């Protein structure tokens, strides 16, 4: 019978596992070749790239049609930020997606694929950082703009102009671009990441202080943008909810009358206003961004503080990257599905169903009272 050791000394099996893993890691980091990539990876890259491009172009077309309504109600700053976000999402699918497809095709056509050249990796990595930060920063700017518009409407109407939002977009894009091109000036570097189909800041193996600092800045900046967006949306939602409750209390009789005789106008004005439409869209975008980006950003942050970083064949970082890429696909669908027309139909359906239930309950109560009198 075999007796398993319970002492604190690692077993020979675990020691051999660590040796094999470290050997694989060093061979991957130091080798000039990469393992072959399955064709399913190429197919998925093509699918996400095409779907992302079509989704963002469709959402941009919808926004172009609704630009008159936004301008008429002085919502042009939000419209500008939304267009900038969709353009960043579109560029984030087309440009890095084209680079990734090139590496996929390179590995598929060669028996022993080689790692991308340093110059190619520099450009690919810079595009990953730029198009990764831009949507997060622009989404944060949208949340702050809506928070100011809802909590301080007079200040927003007097001080926040379209030219200010143009400067904000330019500043945030310049900030993302500045961080992305720093490795071009020998401040950090970009390297091929497992399985050799994308380039990014070094996450495993030997790293310089500049590499670690850039990875920390990327992660912390992204997480800060998500946190600020979440806080602004919560504050805006509470202010809107308080205003709705106050309006409902002041107009109790009118609201009761509209409940008995629901009309499309009351439903549209009460629950389908443009402010509520934009808040619903922004809240969903923030939730989607948090879900898609948090694993990738948090994992990068954790890796930087580990004494012995995880092996280079990190499946979790690859999964986090795929989740983050889906954020740029889901963003435009928020504007496609949560348009005013769709919200209007949902509100009308809700009120119609509520009115039917109210009438049925009133009818049943009347009959019960009549029966009791008999």
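Placed from the backbone N, Cα and C atoms, the Cβ positions cover glycine too.
What TrEMBL lists as domain 'G-protein coupled receptors family 1 profile' is 55-335. When pLDDT is averaged over the domain 'G-protein coupled receptors family 1 profile' (55-335), the result is 82.
Below 8 angstroms of C-beta separation, residues 79, 82-83, 86-87, 89-90, 92-94, 97-98, 100-101, 104-105, 108, 197, 325-326, 328-329, 331-333, 335-336, 339 of the same chain, each at least six residues beyond the ends of the transmembrane segment (42-64), sit close to that stretch. The annotation transmembrane segment is assigned in TrEMBL to 42-64 (among others).
Taken from TrEMBL, the feature transmembrane segment applies to 76-103 (among others).
Residues 78, 81-82, 84-85, 88-89, 91-92, 95-96, 99-100, 116, 165, 168-169, 172-173, 175-177, 179-181, 183-184, 190-191, 198-201, 218, 221-222, 225-226, 228-230, 232-233, 236, 282, 285-286, 289, 293, 324, 327-328, 331 of the same chain lie 6+ residues outside the transmembrane segment (123-144) yet bring a C-beta within less than 8 angstroms of a C-beta in it. According to TrEMBL, the feature transmembrane segment maps to 123-144 (among others).
Annotated transmembrane segment per TrEMBL: 165-186 (among others), in sequence order. Listed by sequence, the residues of this chain that lie at least six past the ends of the transmembrane segment (165-186) yet keep a Cβ under 8 A from its Cβ atoms are 76-77, 80-81, 84, 122, 125-127, 129-130, 133-134, 137-138, 141, 145, 201, 210, 214, 217-218, 221.
As annotated by TrEMBL, transmembrane segment applies to 214-241 (among others).
As annotated by TrEMBL, transmembrane segment applies to 279-302 (among others).
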